[in-house]
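Q: So TrEMBL lists the following for this protein:
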type	residues	note
DOMAIN	17-94	domain 'Lycopene cyclase'
TRANSMEM	6-24	transmembrane segment
TRANSMEM	31-50	transmembrane segment
TRANSMEM	80-97	transmembrane segment
TRANSMEM	118-142	transmembrane segment
TRANSMEM	148-165	transmembrane segment
TRANSMEM	185-211	transmembrane segment
Amino acid sequence: MGYDYALVHLQYTIPPAVALTFLYRPLCTSLAIYKVAFLIVIAVISTTPWDSYLIHHKIWTYPPHAILGPTLFSIPAEESFFFVIQTYNTSLLYLLLSTPTFHSIYLCGKKRLRDGRLLWLWAPLGQVFLVGTILAGLSMIVAKGEGLYMGLILAWAGPFILLLWHVRSPPVSTFESNTWRCRTLAYQFILGLPLSSTLLPIAVPTLYLWLVDTWALKRGTWVIESGTKLGLHLWDGLEIDIRQRASYLASIPKTFSYGARIAITEGLSQALARLKQKSRSFYLASGVFQGRLRIDLILLYSFCRVADDLVDNASTVEEARHWVHRLKQFLTISYDRSQRSTRSYIMSVFPESVQSALVFLPTSYLSLPPLYDLLEGFETDLNFSLPNNVFPIHDESALQIYASRVAGTVAESCLELVYHHSLASTSDTYRQEIIQAGGRMGVALQYINIARDIAVDARIGRIYIPTSWLEDEGLAPSDVLKYPKSAKVEALRQRLLDEAMEIYHEAKGAIDRLPLEARGPMKVAVESYVEIGRVLRTRGYKIKAGRATVPKLRRVMVAWKALTE
Ligand SMILES: CC(C)=CCC/C(C)=C/CC/C(C)=C/CC/C(C)=C/[C@@H]1[C@@H](COP(=O)(O)OP(=O)(O)O)[C@]1(C)CC/C=C(\C)CC/C=C(\C)CCC=C(C)C
């Protein structure tokens, strides 16, 4: 009996497991636990017979002075633990590194990789290579010579990788009322994913475990018997052993994410690109939501953004009104379940660049009133151009109504999605209380948005600060339009921020009453935006494209704090 192998774990595999658990803990969901547990079960079941065979045939031995003693099918307990901890570490690293990756957009529809490499060519190439590898492995086993160990590795790992290369998504995936034909092979998905989700989680543990292996082989903690190995060394002390690499590849959950059945790659890609380009706060927050909720929030954002932009970017008020009308018409048709012409209406009336944002709005579980009210809120913006020069936000109550229409409604829709995707059961009254608080939070965020954009809005003739507040400072709307950065306007910005913070503090407790899986991510979404308000309260904040920005590191810290609180 000895402690050598146990020490390998104590020194090299358990510390990274603890560190990765600590890092991943704020992002952990029951889905992630299921994924890791599933992979561990697969790793243990597939490796145990193979390892047991190696030990029985004395290809792989453990000196008795290096192990504690208990065995299962002749495999020392430490080695069985290795299957578990190695898979655990690699899976967690993969999950961490792929947190920002929006897997659904890599599912199908891409015949070419981004850099133009032809994907279809990879299928036969992969097949030939993997089948060749397996055959080579089998022939080395039959020859029973120095290549025996390598042969056993290739013949064992090859079929797993071949299987992964070829897993197919279901032939028909449905999303809402849209049916999309798509058959995806896993290799398309694997090759399409960013390297941070594929190569990195394989390369880092492989290199790390090579180093550990070197150390253990040198100390004699485990031994590969001579006569069964090729004798090739990557560096002094390390046999070429692709076992780790193969098992990492097999342990990466590349294919079966929650959204794996959704073949709306193109629409999702556009929605994600829109979010990434337009809102750094919500883009960061979207990374910590999981599964379908994440997808639907991104789709909701895409719809809101497109609707807002259509109205804001119109060259005349008439054109803007026209878009509001068409958007309302779109909602009416979508929610009139007897009509099946939503898609053709979208295609015939809206520009191609925005069509997918409307097609993929999940109308079957979002209610109509908040979406409709949002469009009514946009109509307020059009009143800035009325000829009588009276500004529509005349007092604080007009401001509140406006903010709850353009942002309270968005909060309501977000929360509808949270509850739709949650298994937690809550009473209607409880839910209504939360949704009401959410609406208030939306108002707070909109106040921050207005406080940030005073100068940007003034350039297009808009002032959202109530006219009555301007009067309190002895200002006329024209003063704000001309000098949006004056000391008096700055005082009004701070007054608006005070209001925003008061509402935020009132409403934020409700986030802790949300279903567990949405709490952390929702805090990240809210806190990332509120941080803009905090920045606006500090002197000498950074301006980018005319707007105050939160530095990247600070945003990440805010997200981390929100998740770990
Ligand atoms: C994580 C994720 C992807 C969330 C998506 C949230 C979402 C659907 C946002 C839509 C934003 C949008 C474009 C709305 C149109 C109207 C508008 C402009 C509203 C302002 C947003 C600012 O977005 P952005 O900075 O991109 O816009 P501009 O650059 O100014 O054009 C708003 C400030 C409203 C945002 C309000 C919310 C997202 C609601 C937040 C509240 C909750 C989620 C509820 C919290 C829960 C409780 C229980 C308190």
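Every residue, even glycine, has its Cβ placed from backbone N, Cα and C.
Note: TrEMBL annotation is automatic and uncurated.
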Q: Within this structure, do the transmembrane segment (118-142) and the transmembrane segment (80-97) have 3 or more Cβ pairs under 8 angstroms, counting pairs 6 or more apart in sequence?
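A: No, the stretches stay apart by this measure.
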Q: Spell out yes or no: are there three or more C-beta pairs under 8 angstroms between the transmembrane segment (118-142) and the transmembrane segment (6-24), with each pair 6 or more apart in sequence?
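A: These two segments do not touch.
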Q: Averaged over the domain 'Lycopene cyclase' (17-94), what pLDDT does the predicted model reach?
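A: 87, rounded to a whole number.
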Q: Under the DSSP assignment, what numbers of helix, strand and coil residues are found in the domain 'Lycopene cyclase' (17-94)?
A: 59 helix, 6 strand, 13 coil
